[in-house]
Amino acid sequence: MTHSPLLRSDQTLFRDPDVFEFTYLPDHLHHRDAQVRELAFLLRPALRGGSVLSAVLRGPPGTGKTTTVRRIFREVAEETQQVIPVYVNCRHNHTPLAVYGSIFKQVCGYPAPLAGRYLDDVKEGIASRLQDRNAALVVCLDDADELIPAGTYNLLLYQLLRLYEKWDVRKAGVFAVTSNLGLNLGAEADASVRSVFHPTEITFLPYSRTEIREILTDRVRQGLYPRVLPAPLIDRIAQIAAGEQDVRVGIDLIRQATLRAEKDGRRRVTHADVTAAARAVTAPALRARATRLSEAERALACWIAERSRDGADMASGAVFEAAQEYLPVGKTTYHEHLNALTKAGIVDLVPGAGRGREVRLRYNAGDVAAACKAPDKTCKIPNWA
Ligand SMILES: Nc1ncnc2c1ncn2[C@@H]1O[C@H](COP(=O)(O)OP(=O)(O)O)[C@@H](O)[C@H]1O
Ligand SMILES: [Mg+2]
């Protein structure tokens, strides 16, 4: 059957749009076997009448921490009555009442009664259900670092981990999750918490480009109709997402690029759709990166961007020589600034054919220039020193 390259207005390219929501729980969890094994190991004692052991899960955003825990919890809930897994999103629940309310609802299956919602009543409700079922509780405090500014992190850990002292239940396990690498959730625990909280550290490293491509390919298969997004474009999207070290950028790019094609009534996503979507999706990341640069580094980035847009020679040496023509910049300073731009993820230094390295922008040149311009909207180099 042949069909027109154009979509009818009632047709869609999405087999299942929910697949591109961040809350979507994928059928297959890729490349997280080690973390799944460690978490399963911590859950195991509870299957033999003991307690779940605690953990701190740590890794940058978009490394699958939430997904991994939710997958395991779903399996536990399906397969055993001995453990009651509870997932708490601390971004939305950071007061004790909100956290215990969320735990109550998941343990008991209905919301805590509004009347007399004193904390002790809610806790007692949780404990008595655990007793009835002779089950062990495990609570995932996702984005638990949000509890620290709220001043409830230590309080909640202390109470949860000592629930068993007041009520005759098994000791609870806590999986505390954070995407904040500047923070050590274990060390944030105060002395009284540390006496009952001995978490295993579980690390989630960023996915490689190949891993991202596999995750995205799977998502495309589930979410889009066949042939909508050709494999080379998935490769390109994976590369962009790997550059941002965030698989979510890739998922978002697929959705946005496909929406553009659909809006135009086309059956295929094109290179141009991905380019346009990439600019929209990565703009906030680029702006954030630019603000972390020094004034002189920003100026160099801006100047490099304009040069690249003009199609000039981008070999590192040629860039330096050209810069020198009207900038009082020494070679050492130039290389320091260039390294800073690489670290900030704005340029890559790519080995060239025998001529040293080439300076390549990670983003659209116009966007880099715009993000790095001085307040007076020019790209002039200030004092280098
Ligand atoms: N291993 C994986 N396999 C499939 N999808 C994944 C995997 N890891 C992450 N994802 C997807 O990437 C997105 C971000 O994952 P998430 O678990 O929210 O990361 P984190 O909690 O570490 O910030 C989600 O949409 C999730 O479905
Ligand atoms: Mg998360």
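Even glycines carry a Cβ here, placed using N, Cα and C.
Caution: TrEMBL annotation is automatic and unverified by curators.
Here's what TrEMBL has on this protein:
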{"type": "BINDING", "residues": "Thr63, Gly64, Lys65, Thr66, Thr67, Tyr207, Arg219", "note": "ATP binding site"}
{"type": "DOMAIN", "residues": "31-163", "note": "domain 'Orc1-like AAA ATPase'"}
{"type": "DOMAIN", "residues": "213-278", "note": "domain 'Cdc6 AAA+ ATPase-type lid'"}
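What TrEMBL annotates, mapped onto the structure for a quick look.
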residue: Thr63; record: ATP binding site; DSSP (3 states): coil
residue: Tyr207; record: ATP binding site; DSSP (3 states): coil
residue: Arg219; record: ATP binding site; DSSP (3 states): helix
Quiz item: Non-local Cβ contacts of Thr63 (ATP binding site) (under 8 Å, 6 or more apart, same chain)?
Solution: Ser179, Phe204, Leu205, Pro206, Tyr207, Val247
Practice problem: Please go through the binding-site residues Gly64, Lys65, Tyr207, Arg219 one by one and keep those whose C-beta falls under 6 A from any atom of ligand 1; give the result in sequence order. | Solution: Gly64, Lys65
Quiz prompt | Sequence-ordered binding-site residues from Lys65, Thr66, Thr67 with Cβ under 6 Å of an atom of ligand 2 | solution = Lys65, Thr66
Self-check item: Helix, strand and coil counts within the domain 'Cdc6 AAA+ ATPase-type lid' (213-278) (DSSP)
Solution: 49 helix, 2 strand, 15 coil
Quiz item: Using a 10 Å radius around each Cβ and counting other Cβ atoms from all shown chains, which of the binding-site residues Thr66, Thr67 yields the largest count?
Solution: Thr66
Self-check item: Tertiary neighbours of Arg219 (ATP binding site) (same chain, Cβ under 8 Å, six or more apart)
Solution: Val19, Phe20, Pro26, Ile251, Ile254
Exercise. Using DSSP, tally how many residues of the domain 'Orc1-like AAA ATPase' (31-163) sit in helix, strand and coil.
Key: 72 helix, 18 strand, 43 coil
Quiz item: Around Lys65 (ATP binding site), which residues of its chain at least 6 apart sit with Cβ under 8 Å of its Cβ?
Solution: Leu57, Gly59, Asp142, Val177, Ser179, Phe204
Practice problem: Ten-angstrom check, please: count other Cβ atoms within 10 Å of the Cβ of Tyr207 (ATP binding site), all chains counted. | Solution: 24
Practice problem: Please work out the mean pLDDT for the residues of the domain 'Orc1-like AAA ATPase' (31-163). | Solution: 94
